[in-house]
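Novice: As annotated by TrEMBL, region 'Disordered' applies to 1-39. Taken from TrEMBL, the feature compositional bias 'Low complexity' covers 16-31. The ATP binding site annotation in TrEMBL covers 69-76, 189-192, 218, 226-229. Summarising the annotation, TrEMBL assigns active site, proton donor to 76. What TrEMBL records for 100, 195 is (R)-pantoate binding site. The feature beta-alanine binding site is assigned by TrEMBL to 100.
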Ligand SMILES: Nc1ncnc2c1ncn2[C@@H]1O[C@H](COP(=O)(O)OP(=O)(O)OP(=O)(O)O)[C@@H](O)[C@H]1O
Ligand SMILES: CC(C)(CO)[C@@H](O)C(=O)[O-]
Ligand code: BAL
(Lines of atoms letter the chains of each structure in order from A and count residues from 1; the text may use other names and numbers.)
(Lines give C-alpha, C1' and ligand atoms only; values in the text may rest on other atoms or scores of the structure.)
(Ligands and ions follow the chains in the order given, each with its own letter.)
Protein backbone atom coordinates (compact mmCIF):
# COMPACT_ATOMS: atom_id res chain seq x y z
CA UNK A 1 0.00 0.00 0.00
CA UNK A 2 1.23 3.47 -0.81
CA UNK A 3 1.93 5.61 2.20
CA UNK A 4 1.46 9.30 1.83
CA UNK A 5 2.91 12.01 4.00
CA UNK A 6 0.32 13.66 6.25
CA UNK A 7 -1.08 16.83 4.77
CA UNK A 8 -1.30 19.97 6.80
CA UNK A 9 -4.95 20.75 7.44
CA UNK A 10 -4.33 24.44 7.87
CA UNK A 11 -2.87 24.77 4.39
CA UNK A 12 -5.85 23.18 2.83
CA UNK A 13 -8.66 24.04 5.12
CA UNK A 14 -11.92 25.36 3.80
CA UNK A 15 -13.88 25.71 6.95
CA UNK A 16 -16.82 27.38 5.28
CA UNK A 17 -17.95 24.30 3.45
CA UNK A 18 -17.19 20.74 4.43
CA UNK A 19 -18.48 17.32 3.46
CA UNK A 20 -22.01 16.33 2.60
CA UNK A 21 -23.49 18.34 5.41
CA UNK A 22 -21.93 21.48 4.03
CA UNK A 23 -23.81 20.99 0.81
CA UNK A 24 -27.14 20.68 2.49
CA UNK A 25 -26.48 23.51 4.90
CA UNK A 26 -25.55 25.89 2.07
CA UNK A 27 -26.98 29.38 2.26
CA UNK A 28 -28.11 29.12 -1.35
CA UNK A 29 -31.86 29.26 -1.65
CA UNK A 30 -33.62 26.06 -2.62
CA UNK A 31 -36.11 26.63 -5.36
CA UNK A 32 -37.87 23.43 -6.37
CA UNK A 33 -38.80 23.99 -9.97
CA UNK A 34 -40.00 21.47 -12.53
CA UNK A 35 -37.60 20.55 -15.32
CA UNK A 36 -38.00 22.94 -18.25
CA UNK A 37 -39.84 21.44 -21.22
CA UNK A 38 -37.49 23.10 -23.70
CA UNK A 39 -34.55 21.29 -25.23
CA UNK A 40 -31.23 22.53 -23.92
CA UNK A 41 -29.43 25.16 -25.96
CA UNK A 42 -26.18 23.65 -27.19
CA UNK A 43 -23.21 26.03 -27.19
CA UNK A 44 -19.98 24.87 -28.83
CA UNK A 45 -18.07 28.16 -28.87
CA UNK A 46 -17.45 30.99 -26.42
CA UNK A 47 -19.69 33.25 -28.54
CA UNK A 48 -22.53 30.71 -28.54
CA UNK A 49 -22.21 30.33 -24.80
CA UNK A 50 -22.37 34.10 -24.28
CA UNK A 51 -25.41 34.35 -26.55
CA UNK A 52 -27.16 31.51 -24.71
CA UNK A 53 -26.56 32.97 -21.26
CA UNK A 54 -27.03 36.67 -22.06
CA UNK A 55 -30.85 36.70 -21.66
CA UNK A 56 -30.54 34.99 -18.24
CA UNK A 57 -27.91 37.47 -17.10
CA UNK A 58 -29.96 40.41 -18.40
CA UNK A 59 -32.97 39.16 -16.44
CA UNK A 60 -30.90 38.83 -13.28
CA UNK A 61 -31.35 35.08 -13.14
CA UNK A 62 -28.96 32.95 -11.10
CA UNK A 63 -26.85 30.52 -13.08
CA UNK A 64 -25.54 27.18 -11.85
CA UNK A 65 -22.87 25.05 -13.50
CA UNK A 66 -22.29 21.30 -13.34
CA UNK A 67 -18.97 20.51 -15.04
CA UNK A 68 -18.72 16.98 -16.47
CA UNK A 69 -16.74 14.91 -18.91
CA UNK A 70 -19.95 13.35 -20.30
CA UNK A 71 -20.86 9.63 -20.28
CA UNK A 72 -23.57 10.81 -17.94
CA UNK A 73 -25.00 8.53 -15.26
CA UNK A 74 -27.30 8.92 -12.26
CA UNK A 75 -24.49 10.50 -10.21
CA UNK A 76 -24.35 13.36 -12.70
CA UNK A 77 -28.15 13.50 -12.73
CA UNK A 78 -28.16 14.03 -8.96
CA UNK A 79 -25.70 16.92 -9.30
CA UNK A 80 -27.92 18.48 -11.94
CA UNK A 81 -31.06 18.12 -9.82
CA UNK A 82 -29.17 19.64 -6.90
CA UNK A 83 -28.03 22.61 -8.98
CA UNK A 84 -31.38 23.11 -10.69
CA UNK A 85 -33.14 23.46 -7.34
CA UNK A 86 -30.75 26.24 -6.35
CA UNK A 87 -30.69 28.39 -9.46
CA UNK A 88 -32.84 29.81 -12.24
CA UNK A 89 -30.70 28.55 -15.08
CA UNK A 90 -28.75 25.28 -15.18
CA UNK A 91 -25.68 25.00 -17.39
CA UNK A 92 -23.83 21.70 -17.83
CA UNK A 93 -20.45 21.45 -19.47
CA UNK A 94 -19.44 18.30 -21.31
CA UNK A 95 -15.73 18.33 -22.09
CA UNK A 96 -13.18 15.55 -21.87
CA UNK A 97 -10.31 17.73 -20.72
CA UNK A 98 -7.00 16.56 -22.21
CA UNK A 99 -4.79 18.40 -19.72
CA UNK A 100 -5.94 16.30 -16.77
CA UNK A 101 -4.90 13.04 -18.46
CA UNK A 102 -1.28 11.93 -18.44
CA UNK A 103 0.06 10.55 -21.76
CA UNK A 104 -0.30 6.95 -20.49
CA UNK A 105 -3.92 7.44 -19.39
CA UNK A 106 -7.27 6.87 -21.08
CA UNK A 107 -7.99 10.20 -22.81
CA UNK A 108 -8.50 8.56 -26.21
CA UNK A 109 -10.64 5.71 -24.92
CA UNK A 110 -12.64 7.76 -22.39
CA UNK A 111 -16.34 7.05 -23.13
CA UNK A 112 -17.98 9.65 -25.36
CA UNK A 113 -21.75 9.17 -25.52
CA UNK A 114 -23.07 12.44 -26.95
CA UNK A 115 -26.57 11.34 -28.07
CA UNK A 116 -27.31 9.67 -24.78
CA UNK A 117 -25.90 12.63 -22.82
CA UNK A 118 -28.05 15.07 -24.77
CA UNK A 119 -31.20 13.02 -24.11
CA UNK A 120 -30.40 12.87 -20.38
CA UNK A 121 -29.77 16.61 -20.18
CA UNK A 122 -33.09 17.32 -21.93
CA UNK A 123 -34.91 15.04 -19.51
CA UNK A 124 -33.23 16.66 -16.51
CA UNK A 125 -34.18 20.21 -17.48
CA UNK A 126 -30.72 21.46 -18.39
CA UNK A 127 -31.01 24.93 -19.94
CA UNK A 128 -27.61 25.22 -21.62
CA UNK A 129 -25.05 22.55 -22.57
CA UNK A 130 -21.56 23.88 -23.15
CA UNK A 131 -19.72 21.29 -25.23
CA UNK A 132 -16.58 22.96 -26.57
CA UNK A 133 -13.90 21.54 -28.84
CA UNK A 134 -10.38 21.32 -27.41
CA UNK A 135 -9.19 24.42 -29.27
CA UNK A 136 -12.05 26.48 -27.85
CA UNK A 137 -10.76 25.75 -24.35
CA UNK A 138 -7.07 25.73 -25.33
CA UNK A 139 -6.62 28.10 -28.29
CA UNK A 140 -2.83 27.64 -28.14
CA UNK A 141 -3.11 23.86 -27.89
CA UNK A 142 -3.53 21.74 -24.74
CA UNK A 143 0.20 21.08 -24.51
CA UNK A 144 0.82 24.81 -24.35
CA UNK A 145 -1.78 25.88 -21.82
CA UNK A 146 0.47 28.81 -20.89
CA UNK A 147 -0.81 30.12 -17.60
CA UNK A 148 -2.11 27.28 -15.42
CA UNK A 149 -3.42 26.94 -11.88
CA UNK A 150 -0.85 25.64 -9.39
CA UNK A 151 -2.91 23.27 -7.22
CA UNK A 152 -0.49 23.33 -4.27
CA UNK A 153 0.52 20.55 -1.86
CA UNK A 154 -2.81 18.70 -1.65
CA UNK A 155 -2.35 17.82 -5.33
CA UNK A 156 0.80 15.79 -4.58
CA UNK A 157 -0.78 13.16 -2.32
CA UNK A 158 -3.41 10.43 -2.73
CA UNK A 159 -4.67 10.86 -6.32
CA UNK A 160 -1.86 13.31 -6.94
CA UNK A 161 0.81 10.80 -5.99
CA UNK A 162 -0.34 8.50 -8.79
CA UNK A 163 -1.44 11.28 -11.16
CA UNK A 164 1.07 14.11 -10.53
CA UNK A 165 -0.16 16.39 -13.34
CA UNK A 166 -3.86 15.64 -12.92
CA UNK A 167 -5.05 18.42 -10.61
CA UNK A 168 -3.19 21.17 -12.43
CA UNK A 169 -5.24 20.16 -15.46
CA UNK A 170 -8.48 19.91 -13.48
CA UNK A 171 -8.11 23.28 -11.75
CA UNK A 172 -7.02 25.01 -14.95
CA UNK A 173 -10.03 23.80 -16.89
CA UNK A 174 -12.45 24.48 -14.02
CA UNK A 175 -11.06 28.03 -13.69
CA UNK A 176 -11.62 28.50 -17.42
CA UNK A 177 -15.16 27.13 -17.17
CA UNK A 178 -15.89 29.47 -14.25
CA UNK A 179 -14.55 32.39 -16.32
CA UNK A 180 -16.63 31.45 -19.36
CA UNK A 181 -19.92 30.55 -17.68
CA UNK A 182 -19.58 32.94 -14.71
CA UNK A 183 -21.94 30.80 -12.59
CA UNK A 184 -23.30 31.90 -9.23
CA UNK A 185 -22.81 28.36 -7.99
CA UNK A 186 -21.15 25.20 -9.19
CA UNK A 187 -21.83 21.64 -8.04
CA UNK A 188 -19.27 18.82 -7.87
CA UNK A 189 -19.53 15.26 -6.58
CA UNK A 190 -18.13 14.09 -3.27
CA UNK A 191 -17.16 10.93 -5.17
CA UNK A 192 -14.08 12.88 -6.24
CA UNK A 193 -13.50 14.26 -2.75
CA UNK A 194 -9.93 15.47 -3.25
CA UNK A 195 -11.00 17.24 -6.45
CA UNK A 196 -13.89 18.91 -4.60
CA UNK A 197 -11.55 20.04 -1.81
CA UNK A 198 -9.09 21.50 -4.30
CA UNK A 199 -11.78 23.31 -6.28
CA UNK A 200 -13.17 24.82 -3.07
CA UNK A 201 -9.69 25.96 -2.07
CA UNK A 202 -9.05 27.41 -5.51
CA UNK A 203 -12.30 29.37 -5.56
CA UNK A 204 -11.64 30.72 -2.08
CA UNK A 205 -7.94 31.44 -2.51
CA UNK A 206 -8.27 33.04 -5.94
CA UNK A 207 -11.36 35.03 -4.84
CA UNK A 208 -13.59 33.54 -7.53
CA UNK A 209 -17.15 34.81 -7.20
CA UNK A 210 -18.76 31.39 -7.24
CA UNK A 211 -20.21 29.21 -4.50
CA UNK A 212 -18.79 25.68 -4.74
CA UNK A 213 -21.13 22.98 -3.48
CA UNK A 214 -20.54 19.27 -2.96
CA UNK A 215 -23.26 16.68 -3.49
CA UNK A 216 -23.30 13.15 -2.03
CA UNK A 217 -22.09 10.10 -3.94
CA UNK A 218 -24.73 8.12 -5.80
CA UNK A 219 -24.20 4.36 -5.64
CA UNK A 220 -25.32 1.24 -7.45
CA UNK A 221 -27.60 -1.10 -5.47
CA UNK A 222 -24.61 -3.14 -4.23
CA UNK A 223 -22.77 -0.03 -3.03
CA UNK A 224 -20.36 0.60 -5.94
CA UNK A 225 -19.96 4.34 -6.50
CA UNK A 226 -21.28 5.28 -9.93
CA UNK A 227 -18.52 6.38 -12.27
CA UNK A 228 -18.14 6.76 -16.01
CA UNK A 229 -15.15 4.42 -15.84
CA UNK A 230 -17.31 1.59 -14.43
CA UNK A 231 -18.11 0.93 -18.09
CA UNK A 232 -14.59 -0.43 -18.52
CA UNK A 233 -15.25 -3.30 -16.06
CA UNK A 234 -16.12 -6.75 -17.38
CA UNK A 235 -18.61 -8.88 -15.43
CA UNK A 236 -16.02 -10.47 -13.13
CA UNK A 237 -14.31 -7.14 -12.46
CA UNK A 238 -17.66 -5.51 -11.79
CA UNK A 239 -18.31 -8.09 -9.04
CA UNK A 240 -14.88 -7.47 -7.53
CA UNK A 241 -15.23 -3.69 -7.64
CA UNK A 242 -17.75 -3.74 -4.81
CA UNK A 243 -14.80 -4.44 -2.46
CA UNK A 244 -14.03 -0.69 -2.38
CA UNK A 245 -17.36 0.39 -0.93
CA UNK A 246 -17.47 -2.69 1.34
CA UNK A 247 -14.07 -1.76 2.73
CA UNK A 248 -15.21 1.80 3.36
CA UNK A 249 -18.39 0.58 5.00
CA UNK A 250 -16.36 -1.73 7.28
CA UNK A 251 -14.21 1.27 8.22
CA UNK A 252 -17.24 3.44 8.92
CA UNK A 253 -18.71 0.70 11.10
CA UNK A 254 -15.54 0.74 13.23
CA UNK A 255 -15.60 4.53 13.66
CA UNK A 256 -16.50 4.42 17.37
CA UNK A 257 -13.28 2.50 18.05
CA UNK A 258 -11.12 5.23 16.55
CA UNK A 259 -8.87 5.87 13.58
CA UNK A 260 -6.65 2.83 13.90
CA UNK A 261 -9.63 0.47 13.96
CA UNK A 262 -11.21 2.23 10.98
CA UNK A 263 -8.11 1.78 8.84
CA UNK A 264 -7.57 -1.81 9.96
CA UNK A 265 -11.16 -2.85 9.25
CA UNK A 266 -11.16 -1.26 5.79
CA UNK A 267 -7.70 -2.58 4.95
CA UNK A 268 -8.70 -6.16 5.82
CA UNK A 269 -11.67 -6.08 3.47
CA UNK A 270 -9.95 -4.50 0.50
CA UNK A 271 -6.80 -6.63 0.70
CA UNK A 272 -8.83 -9.84 1.08
CA UNK A 273 -10.58 -9.20 -2.24
CA UNK A 274 -9.23 -11.12 -5.25
CA UNK A 275 -8.17 -9.03 -8.23
CA UNK A 276 -8.30 -5.73 -6.37
CA UNK A 277 -4.95 -3.96 -6.32
CA UNK A 278 -4.93 -1.33 -3.58
CA UNK A 279 -3.33 2.01 -4.41
CA UNK A 280 -4.12 3.92 -1.21
CA UNK A 281 -6.37 3.79 1.79
CA UNK A 282 -6.22 6.94 3.90
CA UNK A 283 -8.13 8.62 6.68
CA UNK A 284 -8.19 12.43 6.74
CA UNK A 285 -10.18 15.15 8.38
CA UNK A 286 -12.90 16.75 6.24
CA UNK A 287 -10.39 19.27 4.85
CA UNK A 288 -8.07 16.41 3.92
CA UNK A 289 -5.67 17.22 6.76
CA UNK A 290 -4.78 15.02 9.72
CA UNK A 291 -7.81 13.30 11.30
CA UNK A 292 -8.66 14.18 14.88
CA UNK A 293 -10.22 12.01 17.62
CA UNK A 294 -13.88 12.76 18.20
CA UNK A 295 -14.26 14.68 14.93
CA UNK A 296 -15.71 14.21 11.46
CA UNK A 297 -13.34 12.43 9.12
CA UNK A 298 -13.11 11.06 5.59
CA UNK A 299 -11.97 7.59 4.59
CA UNK A 300 -10.63 7.45 1.03
CA UNK A 301 -9.64 4.52 -1.15
CA UNK A 302 -8.30 3.97 -4.66
CA UNK A 303 -7.63 0.61 -6.26
CA UNK A 304 -7.13 -0.98 -9.63
CA UNK A 305 -9.58 -3.64 -10.73
CA UNK A 306 -8.11 -5.15 -13.88
CA UNK A 307 -6.84 -2.13 -15.77
CA UNK A 308 -9.49 0.22 -14.35
CA UNK A 309 -8.59 2.59 -11.55
CA UNK A 310 -11.52 3.26 -9.21
CA UNK A 311 -11.89 5.62 -6.27
CA UNK A 312 -14.37 6.04 -3.49
CA UNK A 313 -14.71 7.65 -0.06
CA UNK A 314 -17.12 7.94 2.84
CA UNK A 315 -17.60 10.32 5.75
CA UNK A 316 -17.58 9.16 9.38
CA UNK A 317 -17.53 10.47 12.95
CA UNK A 318 -14.41 9.27 14.72
CA UNK A 319 -14.61 8.02 18.27
CA UNK A 320 -12.49 9.61 21.00
CA UNK A 321 -10.14 6.65 21.30
CA UNK A 322 -8.35 7.56 18.13
CA UNK A 323 -4.62 7.03 18.03
CA UNK A 324 -3.25 6.97 14.51
CA UNK A 325 -0.91 4.19 13.57
CA UNK A 326 2.35 5.25 12.01
CA UNK A 327 1.53 5.24 8.32
CA UNK A 328 5.03 4.13 7.39
CA UNK A 329 4.65 1.09 9.63
CA UNK A 330 1.51 -0.14 7.92
N1 LIG B 1 -21.45 8.53 -8.24
C2 LIG B 1 -21.41 9.86 -8.24
N3 LIG B 1 -22.17 10.56 -7.38
C4 LIG B 1 -22.12 11.92 -7.35
N5 LIG B 1 -21.36 12.67 -8.16
C6 LIG B 1 -20.58 12.02 -9.04
C7 LIG B 1 -20.56 10.60 -9.14
N8 LIG B 1 -19.70 10.24 -10.10
C9 LIG B 1 -19.19 11.39 -10.59
N10 LIG B 1 -19.71 12.45 -9.97
C11 LIG B 1 -19.35 13.84 -10.19
O12 LIG B 1 -19.70 14.24 -11.49
C13 LIG B 1 -18.83 15.28 -11.90
C14 LIG B 1 -18.30 14.95 -13.25
O15 LIG B 1 -17.49 13.80 -13.13
P16 LIG B 1 -17.03 12.92 -14.35
O17 LIG B 1 -17.71 13.39 -15.58
O18 LIG B 1 -15.56 12.78 -14.34
O19 LIG B 1 -17.69 11.53 -14.00
P20 LIG B 1 -17.09 10.33 -13.24
O21 LIG B 1 -18.14 9.30 -13.17
O22 LIG B 1 -16.43 10.82 -12.00
O23 LIG B 1 -16.01 9.83 -14.26
P24 LIG B 1 -14.69 9.07 -13.98
O25 LIG B 1 -15.06 7.65 -14.10
O26 LIG B 1 -13.88 9.60 -15.11
O27 LIG B 1 -14.11 9.46 -12.67
C28 LIG B 1 -17.73 15.39 -10.85
O29 LIG B 1 -18.04 16.46 -9.99
C30 LIG B 1 -17.86 14.06 -10.14
O31 LIG B 1 -17.41 14.11 -8.80
C1 LIG C 1 -14.35 18.64 -12.91
C2 LIG C 1 -14.07 18.04 -14.27
C3 LIG C 1 -15.30 18.16 -15.15
C4 LIG C 1 -12.94 18.87 -14.92
O5 LIG C 1 -12.65 18.37 -16.20
C6 LIG C 1 -13.61 16.58 -14.16
O7 LIG C 1 -12.43 16.47 -13.44
C8 LIG C 1 -14.68 15.69 -13.63
O9 LIG C 1 -15.56 15.35 -14.43
O10 LIG C 1 -14.67 15.32 -12.44
N1 BAL D 1 -13.90 12.50 -12.19
C2 BAL D 1 -12.46 12.52 -12.25
C3 BAL D 1 -11.95 12.88 -13.59
C4 BAL D 1 -10.70 12.14 -13.97
O5 BAL D 1 -10.41 11.09 -13.42
O6 BAL D 1 -9.98 12.60 -14.87
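Note that Cβ sites are derived from N, Cα and C of the backbone, with glycine treated the same way.
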Novice: Quick check for the class: what is the C-alpha distance, in angstrom and rounded, between residue 218 (ATP binding site) and the residue listed as 'active site, proton donor'?
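Specialist: If we compare the Cα positions of residue 218 (ATP binding site) and the residue listed as 'active site, proton donor', the gap is 9 Å.
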Novice: Measuring CB to CB from residue 76 (active site, proton donor), give everything in the same chain under 8 Å that is also at least six residues away in sequence.
Specialist: 66, 68, 120, 189
Novice: Calculate the distance in Å between the alpha carbons (Cα) of residue 190 (ATP binding site) and residue 100 ((R)-pantoate binding site), and round it to a whole number.
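Specialist: About 18 Å separate the Cα atoms of these two residues.
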Novice: Less than 6 Å between Cβ and the nearest atom of ligand 3 is the rule; apply it to the binding-site residues 72, 100, 190.
Specialist: 100
Novice: Which recorded positions, if any, among 69, 75, 76, 190, 228 have a Cβ under 6 Å from ligand 2, given in order along the chain?
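Specialist: What lies within reach of ligand 2, judged by Cβ under 6 Å, is 69.
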Novice: Could you find out if DSSP has residue 195 ((R)-pantoate binding site) as helix, strand or coil?
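Specialist: Assignment for residue 195 ((R)-pantoate binding site) reads helix.
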Novice: Tell me which residues of the chain lie with their Cβ under 8 angstroms from that of residue 72 (ATP binding site), as long as they are six or more apart in sequence?
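Specialist: The answer is 94, 113, 116, 117, 120, 121.
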